[in-house]
Amino acid sequence: MAYYWIAAAVVILDQWTKWLVVRYMQLGESIPIIDNVLYITSHRNRGAAWGMLEGQFWLFYLITVIVVAAIVIYIRRLKPSERLAGVGLGLMLGGAIGNFLDRVFRKEVVDFIHAYIGTYSFPVFNVADSALTVGVILLFVHMFFFATPEKGNE
């Protein structure tokens, strides 16, 4: 149950921060947080990561519903000792739902976190994207370092 609370917290934080950006910033406006490193930039994305597959809403709806269902099934099958995987899945669930809500209600995803790594301008992203990324990393860490292989029928 705690993993669903993590997902809910991600969705609330994601939607609140997006609302703030839409409400108080002009599209394209950028506010420096740390010069040459981190900015809040009002941006919209009608595709997937980095603008891929722009305008393919039904594909995104279908994929998201399948992913959310798979995450919920996986969470239900977790053992109590698999907390790291559960946290990762909770983050992934919240991130998937956060961006799904944007696609359904706005027909675009609000992005606003703009980071620079040296001279490289990283694509603008949001809280949901961050949660998805961290969730995937945690799931991989769990799988590679903590998961025990299932014993087959011998």
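Glycine is treated like the rest: Cβ placed from N, Cα and C.
What you are looking at is a predicted structure, and each value in this text was computed from that prediction instead of being measured.
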Please identify the range among 1-21, 85-105 that Swiss-Prot labels transmembrane segment.
85-105
Same-chain residues at least 6 beyond the ends of the transmembrane segment (85-105) whose Cβ lies under 8 Å from its Cβ atoms
2-11, 14-15, 18, 57, 60-61, 64, 67-68, 71-72, 74-75, 78, 126-139, 141-143, 146-147
Residues of the parent chain within Cβ reach of the transmembrane segment (55-75), under 8 Å, 6 or more residues beyond its termini:
3-4, 46-48, 85-86, 89-90, 92-93, 96-97, 99-100, 103-104, 107
Other C-beta atoms that fall within 10 angstroms of the C-beta of Asp111 (active site):
23
